[in-house]
Amino acid sequence: MTALMRPALELSGVSRSFGAVRALSGVTLTIEAGKCLGLVGHNGAGKSTLMNILAGALRPDQGTLLFDGQTMDNVTVASAQKLGVRCVFQELSLCPNLTVAENARVLHPSIKGLGWRKRAGKLIGDMLDRIFPGHDIKPDALAADLSIGRRQMVEIARAFTVTDGGQLRLVILDEPTSSLDATTARQLLAFVREEIRTGVSCILISHMLGEVLDYSDQIAVMKNGQLVATGPVSDFDRQSLVDLMSGGEHPDRGVHARAAHKFENAPIAVRAERAGRGLPFIARHGEVIGLAGLAGHGQTEFLVSVYDAAKKSRSEIHVDGEVCFVAGDRQSDGVFPLWSIADNIAVNSLRVLRNRGLLARSLEHALAQKWGSVMNIKAPSLEDEILSLSGGNQQKALFARALATTSSVVLMDDPMRGVDIGTKLDVYDIIAKEAAEGRSFVWYTTEFEELEYCDRIYVFQNGRIVSELAGDEITEVGVIGSSFKDSNAA
Amino acid sequence: MSAEVTKTANESRPSNLSRQRLLRSLLPAVSLVLVLLLIWGFNPRAISYFGLNLMLNLAIPIALATIAQMCVMATNELDLSIGAFVGYVACVTGTFMATEPALAFLMLAGGIVVYMLAAVVIHLRGVPSIVVTLGLSFFWGGLALLIRPTPGGVAPEFLTAFLSWQPPFVPLPVVLAIVLALSVHVLLMRSSYGAILRGSGGNERAIRRAGWSILKAKVAMFALAGFFGILSGMLLVGVSSSADATMASGYTLLSIAGAVIGGAEFVGGRISPIGAVIGALVLQLASSALNFFQVPFLPGGRIPQEWQVGAQGVFLILILAARVLISRSSSK
Amino acid sequence: MTDIALNQSRWHFSNWPVWLWSFLGALIVWVASFSLAGQGASGMLVAALSFAVFTVLVGLGQMFVITLGPGNVDLSIPATIGLASAVAMKVMDGQNSLILFGLLAALVCGLAIGGFNYMLIRLLRIPPIVATLSASFIIQSVGISYGRGLQIKPPAALTDFTFSRIIGVPVLTIAAVILSVIAWLVLNKTIYGRTVSAVGQNPRAAHFAGLSVERTRLLTYLMSGVLAALCGALLAAFSGGSSLSMGKEYLLTSIAVVVLGGTSVAGGRANVPGLWGGALFLFMVSTLLNTAGFGSGLRDVLTGLIIVIAIALAGSRSASR
């Protein structure tokens, strides 16, 4: 028994930054052989970065990794795999055009020669049988034909397969149950407990606090790239985890002046009553509405449907006036990389920038200048390329683009991701000012502080609006409480 | 509660998807049967040993070119030079194969090397394959002209001997089509490295994460394309017994059309060798079929020769439209 | 060539526009050819300016299409040239009075083809490359069947017009320059042009920036069809009659001049002056290869190689962004 208590993996002082954002700072963590470590934390706490480092997909800027007492330098995905480290990533890494068996083969170069399909099929089939008894996945089914849940099952089973006397040492599961139903999720967790008894370690990353508490030996809580608490599972309960993830901050914090506003009589700017999608949504003119909940629970989709509804009316969503959109994922939804800052700001207002039918550079320049200085964009010249700006200033340009329009509704898709605090404070002030002038803001954010700038918030879960909080109810605990309503806790 | 919702949502999808896939994979075969039935309806004698031989002997080079195109499409690229390349191969074969076989083989092997280089350029420089291959089409066309300024040349004896072979019961083109379809199927769909090759078109990142080289996969696929292009050109000379630089210029379009009819997709590494061969046959038969159609209101009662190309375009559009309909009806 | 160089020498980069290289190339090749031939410098230039007109016409349409972003290419241009030239010649029927109608008919034909292309792309949800490819099959057949046995001479006035000069400069060239200026205005000074560039960089972002993505795509394919048709009609007048294979060489050249002229193959960045540089360069190269006594085979080999090499070098531009 004591032989199993040696550490499988030790991290000390591991840090990693992306540009100006420090995703991990000085994480020191020990994972014991034959133990399951539950890793919790809110969005952006650094869990995924940590996991990518363990999997060899990212390299730390600082710090050391000791695997089985040996320092691991220059870890690559392949070498980590050889050492027995396997990951189940959140985005699926199956090839949709290959069968289940072929996908298993991708991970095992040694399966080849005559009869390889049968061997690969048996390998993955047996593992599926072990983990998810009663599953109905055939090894020759195409991955694309499987439901998301089944694909996740294949991916998990594939991570546990070994060939050629290889050994499994550490399995990292990132939100493994997010697309599994209750039964298969329980099957998986039970299997993990069983594997652990053979000396395999496991890191379980999950937003389902219930399952983390039930199935882990130890728990580590992360916040803002740091480890805020570690210890045996018995030290924690649901409430203490929520408190730790939110930093122990409690209800009375920072209720802003905004709460004083009264909007009952303001005209409605956006009304959405989507069948089967939970509570109705209402935004009035001059209101700042927050969309909360865990990342990827339907907030962006909601914003996009409001945006499209304003262009082409839909029965479920009514929008009064024009809308504009501030992208959060700058690279994929917002920035035009070949253009100057000024062009990027002006693009949504081109209709008013014409002189005798042709776009007038002077008008464009004046508009960009005006909103560039309102947003306080720091650049030698607005004619510089947009990509010469820092991420935060690029984001300001996107805000400038939106505010320069005549739109009465501004949709914001978590626009402050990876933006420095100075920019954020600037933007918060401008939002408050613009709202006072009658614009409404619908603001999806993954950061609690920002929700406090909202008049009301809607909490999303699985694509549905599950609760509405206003004024004093907007607290971290309140939001986390509503977003972590999982079946185990209910 | 929420778990229940997601579960039912998940349950309803897969059966639809696989039904859709089944329908789609049946599409080429169904169209082949339809075309054969049509031909039979208009002229039953055409569906005979010699009739099929006649109608299909030109289909085999097209089928080979289609397979070559499909190999490139599996890597999410497109080859616009295959027609010119087949022409080049034909000129090399018709000019040198009979007299200087060593030189001819060297020149053909050089073709494969150029294909591999193209893959390297496309992958490492991140330039679109259509532009590179379009440039190469000039290159091959020019080389072919240099080798054969005027049509002519002779097919090497081994080729003519092989192509004049009459196997019992089943005409040679049909035998060749079956052999080609099955062997490429085994190579790409059944071999263990074939899975990696196709996977790199399906989810490049996943394949790279598992430690495989994407460059290698791409180069391998382009090399295969070159190889099948060579077979196509050689057989073309064998069938038509002379060579001409522009004799295969239509193959670029035909090969893409054939691969698409056969079920290949432009992204995602979805390919089907058997479908591609059938697609090429369908295209060839469809244009032959036009010769048999009796259309009362047209002068001469027949669809004119010049509509053969157009028929291929219409065919391609119809098949694509059928695909869209299938996926629409299944997604409801 | 690398990111760093590009970032640090931004001013240097914008002072030395990419299209200058294609002009420089054309100039060098021109000097080389007339020195090699020992004569005919101005004759070569005039010929180059005349022939460049047709390349530039189709190149303009292709440039807008390519600027729409990856996967957007109009492969139906050669077939459109063939069909439109036949239509124009047939409607004109060799009579000067019918020139306008003929041109109009050709343009309508181009519009129809562009609309058809877009419809295929939109309704069948297939990549533009295949849509325009399938369309070109059909157009070819329509062309063959329509223009069968067609040997109608172009109206004399139109032919004269295509050969006429003002102070030694071909009128067609002047017209094409004017058209290029208009294209430049459209590209840089209209919402449509801005949208083309935006869609080419990021269609999703363009949609979220309030731009009408689909309308822009439609207009672009229409324009490509119309310009190809115009090219077809003029080419028929220029070369004394229409032939269906007349457009064949314009498949590669239309794409090549766009790329050589500094338009980004990855979309989003178009370059009008570069088209002229590219077109002159290609013509000068073929003149040089002609003067050097190379046969058409070797000319094609070298042209193909030059294009592939130029594109491979240009690739670093799109890769660096």
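Even glycines carry a Cβ here, placed using N, Cα and C.
Per TrEMBL, the features are as follows:
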{"type": "TRANSMEM", "residues": "B:21-40", "note": "transmembrane segment"}
{"type": "TRANSMEM", "residues": "B:46-68", "note": "transmembrane segment"}
{"type": "TRANSMEM", "residues": "B:80-98", "note": "transmembrane segment"}
{"type": "TRANSMEM", "residues": "B:104-124", "note": "transmembrane segment"}
{"type": "TRANSMEM", "residues": "B:131-149", "note": "transmembrane segment"}
{"type": "TRANSMEM", "residues": "B:169-188", "note": "transmembrane segment"}
{"type": "TRANSMEM", "residues": "B:219-239", "note": "transmembrane segment"}
{"type": "TRANSMEM", "residues": "B:245-267", "note": "transmembrane segment"}
{"type": "TRANSMEM", "residues": "B:274-295", "note": "transmembrane segment"}
{"type": "TRANSMEM", "residues": "B:307-326", "note": "transmembrane segment"}
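Sequence-distant contacts of the transmembrane segment (B:80-98) (same chain, six or more residues past either end, CB-CB distance under 8 Å): 61, 65, 68-69, 72, 104, 107-108, 111, 115, 130, 133-141, 143-144, 147-148, 152-157, 159, 225-226, 229-230, 232-234, 236-237, 242-255. Here the transmembrane segment (B:219-239) has long-range neighbours at 57-58, 60-62, 64-65, 67-69, 71-72, 74-75, 79, 82, 85-90, 92-94, 97, 108, 111-112, 114-116, 118-120, 123, 153, 155-156, 159-160, 162-163, 184, 187, 197, 247-248, 251, meaning same-chain residues at least 6 beyond its ends whose C-beta is under 8 angstroms from one of its own. Sequence-distant contacts of the transmembrane segment (B:131-149) (same chain, at least 6 residues past either end, Cβ-Cβ under 8 Å): 78-85, 87-88, 90-92, 94-96, 114, 118, 121-122, 243-246, 249, 252.
Within the same chain, residues 49-50, 52-53, 56-57, 59-60, 63-64, 67, 71, 74, 163, 194, 197-198, 224, 228, 271, 273-274, 276-278, 281 sit at least 6 positions outside the transmembrane segment (B:169-188) and bring their C-beta atoms closer than 8 Å to a C-beta of that stretch. The stretches the transmembrane segment (B:21-40) and the transmembrane segment (B:104-124) are not in mutual contact, being linked by fewer than three Cβ pairs under 8 Å (pairs 6 or more apart in sequence).
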